[in-house]
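Just below is one structure, and these are the notes that go with it.
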Amino acid sequence: MNLPASIPVRTFISGCHILHRHHVLDAYGHLSVRNPERSDTFFMSRDLAPGLISSSVDLVEYFVHDASPVNPASPAGYIERFIHSEIYQKYPEVQSVVHSHASTVLPYTITGVNLRPCVHMSGFLGASVPNFDVAKFYKEDDKCDLLIRNKDLGAHLAECFSAPESDSESTRSVVLMRGHGFTAVGGSIPESVYRAIYTVENAKIQTVSMTLSAAAAKGDGPHSGIYFLPEHEIRGTKELTQRSVMRSWKLWVREVETGGLYTNLA
């Protein structure tokens, strides 16, 4: 695919590689970016493991309104591209989307335990992260396999990104998906990648903290539970990470460029 210079192909490919290197994506999951030249289309890779994407040939352009390929002769794409199209349709400020099946986050989608920000790098999670259950929206002819296979299911998922009226932001950064994974959004590829990575990191930290807290509760020493970020620290740390995301991004790009596994010909 011959793309205009304004399309961030190299950044997109680096983002896919970074997400794979950090175990946010494996053979499955995907990254997308809105077309900076026309907001009614977006780009994803063809049906390929993220770590193997290497050039613009691997990209497919889709219409936002129905997730159909702009070029009908495009190679096969991901089934769940409706996750991305419906988020772009509803939230014009969103420029990039990540969908992940990370195993460290999955327990928070099936246990009733809320994923909450507990470190300064994850204030973007907000006071609580909603958990979307696709089973509530199946129609009679839908495949009941948890995948977002059509526009209707994608639209229901997208609704979960609408923040409460009390929130200063109009869009949530992350939504969990019951038994499936999570989806993160951002105003750029680096921001959505950062949020996906630190969603996984926060889940790791919270899980270990809950284990230690449970052990402490059984002992003789003092026990005060887990200290999650209060509202004012959530706001402050979210602003902090929005300003500093490129520091992480530049390091991550260098790591995948020198890692040996990945190829970026863009």
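Cβ atoms here come from the backbone N, Cα and C positions, even for glycine.
Taking Cβ-Cβ distances under 8 Å and a sequence separation of 6 or more, the neighbours of Glu80 (active site, proton acceptor) in its chain are His30, His99, Leu147, Ile148, Arg149. Under DSSP, Glu80 (active site, proton acceptor) is assigned to coil, being neither helix nor strand in the three-state scheme. Residues or ranges marked as active site, proton acceptor in Swiss-Prot (evidence: similarity to another entry): Glu80.
For the recorded site, His180 (Zn(2+) binding site), the DSSP three-state label reads coil. Under the heading Zn(2+) binding site, Swiss-Prot lists Glu80, His99, His101, His180.
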Task: Fewest other C-beta atoms within 10 angstroms, as judged across His99, His101, which are the binding-site residues - done: His101
TODO: Specify all same-chain residues, apart from the site residues Glu80, His99, His101, His180, whose Cβ lies within 8 angstroms of the center of the Cβ atoms of the Zn(2+) site, ordered by sequence.
DONE: Tyr28, Gly29, His30, Ile83, Ser100, Leu147, Ile148, Met177, Gly181, Phe182, Thr183
Task: Tertiary neighbours of His180 (Zn(2+) binding site) (same chain, Cβ under 8 Å, six or more apart) - done: His101, Leu106, Thr109, Val134, Leu146, Leu147
